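Student: Feature annotation from TrEMBL assigns domain 'YdbS-like PH' to B:83-163, B:426-486. As annotated by TrEMBL, transmembrane segment applies to B:63-84, B:201-227, B:247-274, B:371-389, B:395-414.
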Amino acid sequence: MTAPPAPPVHEPAWQLSRSAIWLWVTEGVIGTLVYGVLVGVGVLLVPASVGGPVPVLRWLLPVLVAVYAVVAIGVRPWIRYRVHRWEVTAETVHTLTGWLTRTWTLVPVARIQTVDVTRGVLQQLYGLASVAVLTASSQGTVRVPHLEVAVAERVAEDLARRAEQVRDEAT
Amino acid sequence: MTEPAPPPPAVAVVPPGDGGPAGARRTSPLVVLVHTVTFKQARQVVPAAIPLVAAIGIDGPGVVVALVAAVTALSLLFAGLTWWRTTYADTPSAVVVTRGLLARSVRTVPNDRIRGVEVEAPALHRLFGLVRVRIDAAAGTVAGSDEEVVVDGVPRAEGDRLRVSVLTHRRAARPVPAGADPSAAPEEPAEVELARFDPRWLLYAPLVASYLAVPLAAVGALSRLLQELPRDLRPDLSGPDLSDVRVLVVAAVAALVLLAIGAVLGAAVVNWGFRLVRRGGSLSAVRGLVTRRHTELEVDRIRGGTLAEGLGMRLVRAARVNALVTGLGAASRRGQLFPLGPRGEAVRLLGLLVDDPGPLRAHPPAARRRAVVRALLAGLAVAAAGAALQATTGFWGLLALGVVLTVLSVPLGLGRYAALGHAAGPRSFSVRSGLLVREQAVLQRRAVVGWQVRQTFFQRRAGLATVVACVGAGTGGYAAVDMAAADVAAFTAAASGPWATASGPGDRPAG
């Protein structure tokens with residue numbers, strides 16, 4: 001088990017927008033702030049004299065927040081950006097997402113039912129949009145996160161048109 | 001059926017202009033009696049009535065009689081009004097149900113969205129020769145219970161007419177193949193019997209968890225009822241002498257026997273007289289002792305089936321078969337084609353639904369290692385938590401559980417591994433998994449609407465991957481857990497089509 005094992009299926013070719021990294025960094029900063037405030041309030045309000053596990057938690061929780069900050073801001077966005085891939089071919093829509101657990105999703109254009117483009121608040125800040133390709137199966141949804149708005153809209157339009165043309169029963 | 005024929009004033013045709021379409025019909029007036037007795041509509045006013053009754057107070061038998069009379073009269077009134085304001089119509093293009101006392105609602109279900117028709121006859125309905133017709137609309141369009149339209153309380157003959165009429169209309173709603181005569185009489189085609197329930201199969205019931213739950217739930221409900229009784233009404237039983245071992249053993253044996261009898265009875269009530277027939281383009285299942293259910297499924301919409309065997313069922317080689325039907329959504333009860341019976345019979349029936357893809361291929365040894373290690377780690381984690389708990393509070397139950405789980409982890413892991421398998425045939429494929437209930441899904445190639453391949457960090461190191469076939473039926477996805485990563489592309493391509501290998505890059509749209 002020395003060489004990195006080959007991926008089980010073909011790797012999609014295209015990367016997300018580079019702005020996605022900064023969006024994930026922003027999410028990490030927000031998460032760190034939320035946890036930091038919660039832990040800070042806890043440390044200020046609960047004195048160590050309460051006993052039980054409190055004296056340990058008083059230093060353990062801030063350390064955990066610091067570790068989370070390093071991972072969520074400094075490591076995870078870059079790994080995610082390197083892992084995430086997507087591709088639209090003549091027959092299929094194909095994505096690879098994840099960080100520690102990798103997930104490939106593959107849907108043939110003929111089985112597409114609807115195509116959604118969504119823009120969250122943070123995404124609007126960075127000019128990004130997500131594309132969701134839905135099928136008859138609740139588990140067969142392809143989500144391409146964080147594309148440039150123009151790309152997302154073009155892809156959605158193209159997929160919807162082609163699905164209309166080649167659609168068989170779609171179930 | 002041998003019930004007496006219903007009385008002649010069967011179906012009242014409502015004059016048009018009452019909100020419904022031309023040809024709208026009312027249900028049988030007899031349903032008013034059924035609903036009066038069951039308080040179907042009057043139930044809604046119960047929350048409002050309770051404070052009223054509390055304000056008046058119940059003293060003396062006179063008030064009780066008056067109360068019962070008032071409630072019955074109210075129930076009759078509500079049932080009558082509901083009957084009067086409810087009409088249904090089966091037009092060539094849609095089924096329309098109009099109802100509502102004051103706020104009228106018209107539900108129109110286009111025929112091409114109808115997935116199946118179920119005719120059921122609860123005990124009270126049977127007394128009056130009535131049936132209830134449930135019409136399944138395509139799932140996903142509306143949420144929850146709105147997936148079906150119910151026409152409650154039509155005579156049996158009218159119920160059968162409605163079922164046949166809806167099904168023939170629905171067939172006509174589809175494009176007629178070239179060369180076929182569209183005016184061909186939509187007669188009821190000949191029946192082919194596919195399966196018939198053997199009462200001996202009821203003996204499997206005590207080994208099936210879901211049937212065992214029936215008597216347990218009954219005991220639970222009874223004990224709750226006993227506790228809510230006023231103290232002076234409770235029977236004053238002196239408990240038996242529990243210190244005697246013989247009493248304990250006898251009680252345990254008696255409880256087990258009662259549990260087994262309860263399970264058999266429960267299975268009999270649900271499955272008595274089960275019969276599965278193929279009639280033209282649809283499968284039709286009948287079952288039930290008290291409530292007769294008549295379920296109709298369209299063969300064209302069947303994408304495959306699942307064969308489920310619980311732990312107890314595997315001991316006696318029994319199994320259960322469900323059909324996977326597109327658009328049936330959460331109404332999976334309807335898909336049950338073979339409730340309980342010998343495995344060989346179940347496999348034969350599954351083979352009629354979908355081609356057998358051949359014997360399952362076992363997953364690589366790494367999958368076995370992973371299953372055992374995971375079971376072992378879970379057991380050790382529970383044991384560690386139990387040890388910590390024992391050290392702090394002296395409670396040893398969790399520690400004992402952890403030790404037992406750790407000892408059992410090897411057989412558990414091996415059992416989990418033994419369930420794993422996949423196979424791809426020329427027109428179908430199959431995946432199997434499950435620890436207690438082992439479920440094998442056999443699906444047609446055309447069922448696949450997508451693939452999902454998952455690899456956790458540890459699966460990557462072990463060269464394994466979990467492959468989920470996404471289908472628009474059943475639970476939405478069926479997984480081949482921990483198959484060799486190198487086999488994934490070949491399996492997905494063999495089980496669906498060459499598109500599943502997804503080779504050949506396209507041009508990325510420029511931003």
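Including glycine, each Cβ sits where the backbone N, Cα and C put it.
TrEMBL labels come from automatic prediction, so no person has curated them.
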Student: Taking the transmembrane segment (B:371-389) as reference, which of B:63-84, B:201-227, B:395-414 has the most Cβ pairs under 8 angstroms?
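Tutor: Ranking B:63-84, B:201-227, B:395-414 by Cβ pairs under 8 Å to the transmembrane segment (B:371-389) puts B:395-414 first.
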Student: Within the domain 'YdbS-like PH' (B:426-486), count helix residues (DSSP H, G, I), strand residues (E, B) and coil residues, in that order.
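Tutor: So the counts come to 11 helix, 38 strand, 12 coil.
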Student: Give residue numbers and ranges for long-range contacts of the transmembrane segment (B:395-414): same chain, 6 or more residues beyond its ends, CB-CB under 8 A.
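Tutor: Non-local partners: 368, 371-376, 378-387, 389, 435.
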Student: Could you pull the average pLDDT for the domain 'YdbS-like PH' (B:426-486)?
Tutor: 90
Student: If you run through the domain 'YdbS-like PH' (B:83-163) with DSSP, how many residues end up as helix, strand and coil?
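Tutor: Residue counts for the domain 'YdbS-like PH' (B:83-163) by secondary structure: 23 helix, 40 strand, 18 coil.
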